[in-house]
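Quick look at what TrEMBL annotates:
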TRANSMEM  80-99  transmembrane segment
TRANSMEM  111-132  transmembrane segment
TRANSMEM  223-251  transmembrane segment
TRANSMEM  271-295  transmembrane segment
TRANSMEM  354-373  transmembrane segment
TRANSMEM  393-414  transmembrane segment
TRANSMEM  426-445  transmembrane segment
TRANSMEM  550-574  transmembrane segment
TRANSMEM  586-607  transmembrane segment
TRANSMEM  641-663  transmembrane segment
Amino acid sequence: MTVETDLNVNHSNPEVEPTQPLEDGAIKQVPVKKKTSCCTGLKVFLAALSFSYLSKTLSGTVMKSSITQIERRFDIPSSVAGLIDGSFEMGNLLVIAFVSYFGAKFHRPKIIALGCFIMSAGSILTAVPHFFMGYYKYETASHAVLSVNSTSSSSPCSVDQNVTVVSETLLEHPDSDCVKEASSHMWIYVLLGNFLRGVGETPITPLGISYLDDFAKEEDAPLYIACLHTIAMIGPIIGYLLGSLCASLYVDIGFVDLGSITITPKDSRWVGAWWLGFIIAGITNLIAAIPFCFLPKSLKKQEEENNDNISSDLSKMKGDQSKHHESENHQPVQWSVTSKGFFISLKRLFSNRLYVTFMCCTLLQVSSFIGFLTYKPKYMEQQYGQSASKSNFVTGVSALPAVSVGIFLGGLIMKKYKMGMIGATKFGFGMSLMAFLITLSHFFVGCENHVVAGLTVSYDGKPAAHHETALFSVCNSDCKCATNQWDPVCGDNGITYMSACLAGCKVSTGHGKNTVFHNCSCMETTDSQSGNTSVILGQCPKSDDCSRKFIYYTVLQVISAFFYALGGTPLYMVMFRCVHPELKSLAVGLFQLVMRALAGIPAPIYFGALIDRTCLKWGSRSCGQRGACRIYDSDAYRYTYLGLVAGFRVPSYFLAFLFYTMVKKQYQARDPKSTENGGQESVPMNKEANSKNSEYLSSSSDVERESCI
């Protein structure tokens, strides 16, 4: 009767376990499972981790989309802007190895929450210099005119006679304001904020991924990680759209009369509201930290949750273990033992030939990718004559959605076809190679140089010799213009002049953006279609053929990004599976440390330094120091920028082939039947996964064992 009653109860309440007979014939009731809160589930952690990924990628993308704005606002070269961008990696490098190893032994969700709080503080610190620098004063000839004569003049050519003398006087006898500006290095605060953001981002990936992989089914882990990265791709999309919006707004919007601004978003002196994006990113990171404060230190493995029958012996063993751990919790952690285990684990990783080869191959590809992504908006601005706002917008709505779809499909394909090491390696590197071959076609869709009198063409419209600068001609020799001023004007002949003075203009009418200069003597030396001798503010737009090439570039970029992302998830899992399960957290941390130190930090710097060498005209500050570059040699920029990308990617595929050969040899030796099922050598991978618990129990210390429960 007792058994019968218990069975009835079990049918009516599925949460009650069936009774189990003991060895002496007695009946023991298994304790009822307590209904766990939804806030402690793996899916809640996945959702919180996805939002933290979204927030951190949003912050990173805001920095990438604002790099040219920061360069212009602080009047720094691209190499210094690259140093600012690389400071994020420096912050990561500082703590990533120790967070990856020691963080796994503590409360991982709370450590991730702390990281999100630090990221929030770093993002807000990055925006702080805007509020202490005063209004942005861009380089313009009108400022020089007012400094020479307080009365306005309508003749740029005649008024500029004394500008050169005044500039020399300022350099010889600088006033206090000039000294203060020259000694100002507010960009250092941007660097420190980005550095702090890198420190805060450190625990999210290694601790989050290892936490997810510890408590998820092995066959579900690739799909979870694919979902994680797919949702995280929403961050860059929002980041680039936000960067596009901020770049279209003037930096001092709300504080200055926009009608008096003489430059447009397509001008190389334009600075958008770069600071606004960092404030929004800081608030987002703050919100992302909140859910992790309420998540538990550990969860039940999904296989355990699906097991309906739990033996009493197992329950008793767990009770004994919990008492054992409670007694050990009062004992201090032996850091000397833990540190020794760290170096032993590190040695095991470096002795893993598969892991080291894969890391070297990925290092070359990541160096190429980081340099390409950092200066991609700037490349679109200089190569195709696009504004910073449009460059960010096109990147956000075209390439990034393709990347999101590619990452998700890559995880789905890996799960559906049950790819093992050989199959995932072949598929991942194959897609990467196909993406690279498509990228090579960017060499053939570049645009010609801007037509600038005295820089790229002569004043009569003929092509100038390479790097030959002749800013003065017969048409403007009497004007004695300042050669360090960059205030371009566009003539009806399609030629851009560095200033209205160098165009030989005698009269000006209008105000702000509507200013028009007339009677320009240099316009008479060319065959103008309409015979008009007037010029307007701003550079002349590039040809219609360049606009078509920009469309081709965008299409090729979308296709290339899709194929590259398609192999991303399989390659990410390859890195996980080529190391022992208990070392995966350290493997991810060390992998990211190497990527940060040897790719993330130096790549933006030497990419920027080489791009600086293609500059045709540098801007100047009010004190005469060299500012940001105003115009580049388009051909030299394209070959330098894309040549560096190709220079890293080509040797990486030789290492990829070597890695594939090593994987094929090792896993076919373990499972000769793996070639019969398309490389689905699941047996060796499952062996590693299934031996995880047994190896922990046999060789791990009690402290390590507790962190894995």
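A Cβ is built for glycine as well, from the same backbone N, Cα and C atoms used for every other residue.
At the 8 Å Cβ threshold, with sequence separation of at least 6, the transmembrane segment (354-373) lacks contact with the transmembrane segment (223-251), having fewer than 3 such pairs. Contacts between the transmembrane segment (271-295) and the transmembrane segment (223-251): present, as 3 or more C-beta pairs lie under 8 angstroms, all at sequence separation of six or more. Between the transmembrane segment (550-574) and the transmembrane segment (586-607), fewer than three CB pairs separated by 6 or more residues in sequence fall under 8 Å, so the two stretches do not touch.
Between the transmembrane segment (586-607) and the transmembrane segment (80-99), three or more CB pairs separated by 6 or more residues in sequence fall under 8 Å, so the two stretches touch.
Cβ atoms under 8 Å from those of the transmembrane segment (111-132) belong to residues 49, 52, 55-56, 59, 62-63, 91, 99, 103, 186-187, 189-190, 192-204, 207-208, 251, 274-276, 278-279, 281-283, 285-286, 288-290, 292-293 of the same chain, restricted to positions at least 6 beyond its ends. Within its own chain, the transmembrane segment (80-99) has Cβ neighbours under 8 Å at 60, 63-64, 67-68, 70-71, 111, 122, 187, 190-192, 194-203, 206-207, 374, 586, 589-590, 592-593, 596-597, 599-609, counting only residues six or more beyond its boundaries.
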